[in-house]
Amino acid sequence: MARAQVRRAGRRRARSARRPRRPAGPADLVKLGPGARWLISLVLLAGLALWLDPARIAAEVGALDPGWLIFALLVSLAQTALSAWRWRFTAHRLGLDLAPGRALADYYLAGFINQVLPGGVVGDAWRAQRHARRSGQTGVAWRAVILERASGQLVVVALAALVVTLYPPWREGFAPALLTAGLGLALIGVFGALVARRLRDRAGWIAQIGPDLRRALLARRAWPVQLASSIAIVVSYLLVFAAGARGIGVELPLVQLMMMALPALLAMLVPVSVAGWGLREGAAGAVWLISGLPPEQGVAVSITYGVLVLLASLPGVLVLLAPSSGQAHVDQ
């Protein structure tokens, strides 16, 4: 019996070895994603360095005022606490318990992982899996994270579209890019709906997205809370961006700085880089250029913002090093 099994295994290996290698397809591109995203960020940053004056950018970033640094970190602390609360609210709407301290710790962990790993979603997958293991409700825990994250991203897109539409100097420069992004999001939504329909019988948790969306985001008692908290969180992003600008000596009006931050934040939502590096700087440079300002200054502000966000996420390292963190992981 054992010998027969060994012979059959040997024949399968031989057939596999003779099978011709198929051409690379979409699945292969996904597997190459992490390396490609690192490359995209590096290429974009290198391109900006060739186009602009890197010495000037470095000098501006190096002049960051410690007082504004502390202010930005305090705003980020409140931002993370409110984001964790929004996650708890979303999970509670779906019938899951989530302790405040655990939500805050896992949100810090997710933020740090999203800063250092490509794609910007690995950290969210990690916190979803940790919550799934603790609650024993895998599908609901994952949907809570998906819906909580979508709540914030929709507000960023809506505010960016509103600003670009209403602010004449940007209308011509950003309207085509915004239209392209909107069409891309629409196509992704249609594709996702088709995939979900095909997998409805195979993966019940996908079919549950619609009802959970209504409970967590669209219900009468849910949408005002989601909208208010998401707007507050996005405003905190803009304040950190403005604090970074003030910290390196940019004296533009606060409202204008916050408006100029929106296209940079929107660029970060495209999951083709590492923590938005490169895309964010390119968008900021374009905003400054369209506004009649030196693009080096915009890139310097964007780099400062990226550094501030990374520093604000460092408490996640402590969560990562805690003994319990090793018990919940996401297979890569």
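Glycine residues also receive a Cβ, built from the backbone N, Cα and C atoms like all the rest.
Annotation comment: TrEMBL describes 1-22 as compositional bias 'Basic residues'.
Feature annotation from TrEMBL assigns region 'Disordered' to 1-25.
Residues or ranges marked as transmembrane segment by TrEMBL: 68-85 (among others). Same-chain residues lying 6+ beyond the ends of the transmembrane segment (68-85) with a Cβ under 8 Å from its Cβ atoms: 100, 103-104, 106-108, 111, 152, 229, 232-233, 236-237, 239-240, 243-244, 246-247, 308-309, 311-312.
The transmembrane segment annotation in TrEMBL covers 150-168 (among others).
Residues or ranges marked as transmembrane segment in TrEMBL: 174-196 (among others).
Positions annotated as transmembrane segment by TrEMBL: 223-245 (among others).
Residues annotated as transmembrane segment in TrEMBL: 257-279 (among others).
What TrEMBL lists as transmembrane segment is 299-322 (among others).
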Worksheet item: Near the transmembrane segment (223-245), which residues from the same chain, at least 6 beyond its ends, have a CB less than 8 A from one of its CBs?
Response: 64, 68, 71-72, 75-76, 78-79, 82-83, 85-86, 89-90, 151-152, 154-156, 159, 216-217, 252, 254, 257-258, 261-262, 264-265, 301, 304-305, 307-309, 312
